[in-house]
Amino acid sequence: MFLIDSHCHIDQMNIDQKNDDLLHQEIEKILNKAYENHVKKFLTVSTSIQNFYKTKKLLSTYDSIFYSCGIHPLYCQKEIECLNELKKLSYDKCVIALGETGLDYYYSFETKNLQEKFFREHIRIAITLNKPIIIHSRNAIKDTIKILKEENAEKCGGILHSFTESEKSAFELLDMGFYISFSGIITFKKSIELCNTLKKIPLEKLLIETDSPYLAPIPYRGKKNQPAYLLDIAKKIALIKEISLKELAKITTNNFFTLFNLNF
């Protein structure tokens with residue numbers, strides 16, 4: 001069985017950042033535990049330019065890891081002068097996606113206009129390079145979809161990661177050719193409506209993720225998340241979709257390689 005964690009932040013695990021030897025030992029443990037749970041590949045998602053450099057330096061020896069390059073909406077103010085550097089870095093062959101980008105009105109409504117500017121620029125770069133975008137949207141789905149449509153984002157496609165929105169929003173995204181990715185939130189007891197939405201998502205547009213080290217699934221909720229826990233998320237999604245775990249693994253793996261135009 002072959003699972004892919006389509007969104008994680010391996011560099012942000014709760015590990016010793018000051019000792020390089022210990023750092024690599026801890027990463028080895030994290031990845032080996034994931035391998036034991038059939039998680040074979042990982043897309044580690046950058047949240048800032050500084051984060052991208054750090055991640056690439058830290059993880060460059062691991063063939064199982066793919067990279068994205070982007071500036072998270074909450075870091076736009078901090079990296080206000082970095083859009084040109086983002087574009088330059090995005091040409092790197094190791095970068096398979098732009099992001100994560102998008103809008104976050106929950107934590108930073110006051111930077112709404114700046115977030116929108118950065119979001120649009122990510123989309124334009126993605127279209128130019130023919131690379132998908134990874135979208136973060138919190139309390140902002142209406143504006144997120146509006147901008148995607150205005151910027152013709154169907155030309156690059158991408159993922160709405162850690163999806164928690166309505167069925168209506170899901171199908172607006174699907175109509176533009178986007179993929180929908182579900183995280184550990186789908187295992188939470190209160191996620192009844194989200195489970196009902198998942199039932200209606202076409203299998204060919206479905207992806208799975210941990211968003212490690214955040215959003216650990218049940219039975220690990222409250223602990224630091226890690227890619228190994230993708231197996232628990234996959235089991236829950238397979239149950240909801242009424243298919244076998246092996247079938248879900250095959251479908252989501254194929255979807256990942258299709259979206260990012262990668263060879264298996």
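Quick reminder: no glycine exception, Cβ is built from N, Cα and C everywhere.
His7 (divalent metal cation 1 binding site): 26 other CB atoms within 10 A of its CB, across all protein chains. Residues or ranges marked as divalent metal cation 1 binding site by Swiss-Prot: His7, His9, Glu100, Asp211.
Non-local neighbourhood of Glu100 (divalent metal cation 1 binding site): His7, Val45, Ser46, Thr47, Ser68, Gly70, His72, Ile134, Ile135, His136, His161, each in the same chain, at least six residues away, with C-beta under 8 Å from its C-beta. Swiss-Prot lists Glu100, His136, His161 with the feature divalent metal cation 2 binding site, giving similarity to another entry as the kind of evidence.
For Asp211 (divalent metal cation 1 binding site), the same-chain residues 6+ apart in sequence whose C-beta sits under 8 angstroms from its C-beta are His7, Cys8, His9, His161, Ser162, Ser183, Gly184, Asn225. Apart from Glu100, His136, His161, the divalent metal cation 2 site neighbourhood in this chain, defined by C-beta within 8 angstroms of the site C-beta centre, holds His7, Val45, His72, Gly99, Thr101, Gly102, Ile134, Ile135, Ser137, Ile159, Leu160, Ser162. The binding-site residues considered are His9, His136, His161; of these, His9 has the fewest other C-beta atoms within 10 angstroms of its C-beta. Same-chain residues that are not part of His7, His9, Glu100, Asp211 yet have a Cβ within 8 Å of the Cβ center of the divalent metal cation 1 site turn out to be Cys8, Val45, Thr47, Ile134, His136, His161, Ser162, Glu209, Ser212, Tyr214.
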